[in-house]
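Contents: one structure, followed by commentary.
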Amino acid sequence: MSDPKVGVFVCYCGANINGAVDCEAVKDFASELDGVAVAATYPFMCADPGQGLIKDAIKEHGLDRIVVAACTPKIHEPTFRGCLQDAGISPYYLEFVNIREHDAFVHMGDVEGATRKACEMIAGGVERAKKLEDVPQKVVDVDKSCMVIGAGIAGIQSALDLGDQGFKVYLVDKDESIGGRMAQLAKTFPTDDCAMUILAPKMVSAANHPNIELITFAEIKNIDGYIGNFDVTLEKKPRYVDEDTCTGCGACAAACPIEVPNEFDLGLGTRKAIYVPFPQAVPLLYTIDKEHCIDCGLCAKVCCAEAVRYDQKPQELNIKVGTIITATGYDEFDATKKEEYGYGVYDNVITTLEVERMINPAGPTHGHEIRPSDGKAPKRTVYIQCVGSRDEKVGNPYCSRVCCMFALKNAQLMKMHDPNAEVYICYMDIRAFGKGYEEYYKRAQDQFGVKFIRGRPANIFEDPETKNLTVRVEDTLMGEILEIDADLVVLSAGLEAKKDAGELAKMLGIDRGPEGFFKELHPKLAPVNTKVDGIAIAGVAQGPKDIPDTVAQAKGAASAVAIPMSQGQFKIEMIRATVNEEVCGGCKVCALMCPYNAITYEEKDGHLVAITDDVACKGCGACAAACPSGAMQLRYYRDEQVIGMIDGILNAAKMLEE
């Protein structure tokens, strides 16, 4: 077999690379490397003329290996693979050398050093390219069903979009009702629409949709499999009420003598020991709180449908689906961590979500904002922004995006209820980023007279007798220290990843970002996809966002998983672990390292050997790195390919020194 003929193509990327690297000098160096038949430069290799240049060179010089020195392969590798395929050679005979992010961007101002590094990187790429192999593809069937985990507005929207396309959808939520956080809100900014008025129709549509099956009060326990064939195990918690016969009439709750704090109202109101979380709950089914139930039997006595089941047990469900969407939402920041604000200590320090429940007409105070200490309407309220956001001390350096608008909305609603009330907002920056949001901000100032103080309060003091509060803050615009007497202080608590997000991410096999939210495959080009084919993410589970962005991303996630389900098949490139059975010693180190449970063992010729599941394997290479005998290799990244690349880099360094 003749030696491979390599072509090297260096991209200027406008001035991104050529501004820091002498691309022409790099081309000249590459043309002298062993095995290189042609080297060329072009301002934008990813553009049609650049692609044409590569195709023409393949045909003219009979090239069978291509090295592209350009930007990150995450963006343009598929483009260049398509170029090779169009030219009649395997798309896997491409070696992509990232001389932008790995060189030009980190060595700006050092043209000589950056050029030298680019030469070394390309030399390594050429040696690896010579040893590249074709990669087979495997086709798997995709079950035309999807499980949507989380039934807030994101999960509901994804489920409806998929159901309307004819796909079977399992909409799963751990709570008693679907609706999520949006169900707790009073109104939505900037239009001040009633939140439940626009959410409830979607909740009902999801419940009545012929292609959507609601599974509420259930938790994910295990997920196995791969795109097209995910096996999901759930535990459906007992309601102690038969779902098929309960009519939701409420007679049981009326008879129940026990009242406990209502979690849905954040403890501001009460519920019975047999309850629905809120009046518009879907499904409208009652649940017995066994922790507080005194087993008096009154609920069973008054139930005309005889739906009470005191002996109900948890139920395990096993469901097979082709794809998964994760839309599990968020947790509100625990404001007790900001001890200087006295949340949980001072009665009249509350959070924005608690205000939402107060001003909700169906909430515990029937739409009236009150002081928890005495039930009176506050005459002066202070909102404090960025509580648990943009704060490295509590580990949340990010902006939660919606807190400013929450405060603006609630401040205006409070002024509508009582025009004589005073409302202050202490802020560092007001981030009115969305459509109509800046106008909403101006309305709060000009029409409602909300007062804005640029500064983060240092601390809050309480008068133990009146329960009134004093907020101490520096107005950084005026250069003054202010002490504001307030009846009520509202903390704009930030949005955090769900506490169980790590456990779910592990079951799904997907990554999380440094803030704990689920990590997308690419922040710009694949914002709803994950590293696991067939699993998409949507809503605040991916990162803080408002309702319009959440709905848009939910629709995007539905579209992403609908593609393989519509086709009914999915092609998987077999960049997967392979086993040399003659060398494998059956030590099981690789199985311990595999995060995807893709490695099992079989006995052959009297000893154990590793067996890899080509579909479950994701090609991470952890097993190959750990294998003490070298029996485990990663196709397309075999030892000889990686070592060849290292040798090429070292040899180039010697050449450049001579």
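Positions of Cβ are set from backbone N, Cα and C atoms, glycine also.
The shown structure was predicted, so the numbers you read here are calculated from the model rather than taken from an experiment.
The feature FAD binding site is assigned by Swiss-Prot to 150-173, with sequence analysis given as support. Look at Swiss-Prot and you will find 236-267 tagged as domain '4Fe-4S ferredoxin-type 1'. The feature [4Fe-4S] cluster 1 binding site is assigned by Swiss-Prot to CYS246, CYS249, CYS252, CYS303, with sequence analysis given as support. According to Swiss-Prot, the feature [4Fe-4S] cluster 2 binding site maps to CYS256, CYS293, CYS296, CYS299. Look at Swiss-Prot and you will find 284-313 tagged as domain '4Fe-4S ferredoxin-type 2'. According to Swiss-Prot, the feature domain '4Fe-4S ferredoxin-type 3' maps to 575-604. Residues or ranges marked as [4Fe-4S] cluster 3 binding site in Swiss-Prot: CYS584, CYS587, CYS590, CYS627. Among the features that Swiss-Prot reports, [4Fe-4S] cluster 4 binding site is placed at CYS594, CYS617, CYS620, CYS623. Taken from Swiss-Prot, the feature domain '4Fe-4S ferredoxin-type 4' covers 607-637, and the record attributes it to sequence analysis.
If you look at the domain '4Fe-4S ferredoxin-type 2' (284-313), the same-chain residues 6 or more away from its ends with a CB under 8 A from one of its CBs are 176, 217, 238-243, 245-258, 260, 273-276. Per-residue pLDDT, averaged over the domain '4Fe-4S ferredoxin-type 3' (575-604), rounds to 93. Comparing Cα positions, CYS594 ([4Fe-4S] cluster 4 binding site) lies closest to CYS584 out of the binding-site residues CYS249, CYS256, CYS299, CYS584. Ranked by Cα separation from ALA159 (FAD binding site), the binding-site residues CYS249, CYS256, CYS584, CYS620, CYS627 are led by CYS249. Rounded to a whole number, the distance between the Cα atoms of CYS623 ([4Fe-4S] cluster 4 binding site) and CYS587 ([4Fe-4S] cluster 3 binding site) is 12 Å.
Taking a C-beta cut-off of under 8 angstroms and a sequence separation of 6 or more, CYS584 ([4Fe-4S] cluster 3 binding site) has the following same-chain neighbours: LEU608, VAL609, ALA610, SER629, ALA631, MET632. Counting other Cβ atoms within 10 Å of each Cβ, the binding-site residues ILE156, CYS617 show the lowest value at CYS617.
Reduced to three states, the DSSP call for CYS293 ([4Fe-4S] cluster 2 binding site) is coil. Rounded to the nearest whole angstrom, the C-alpha distance between ILE156 (FAD binding site) and CYS620 ([4Fe-4S] cluster 4 binding site) is 33. Of the listed binding-site residues LEU171, CYS252, CYS293, CYS587, CYS627, the Cβ environment within 10 Å is emptiest of other Cβ atoms at CYS587.
The Cβ of GLN165 (FAD binding site) lies under 8 Å from the Cβ of ALA558, ALA562, SER566, each of these being in the same chain and 6 or more residues away along the sequence.
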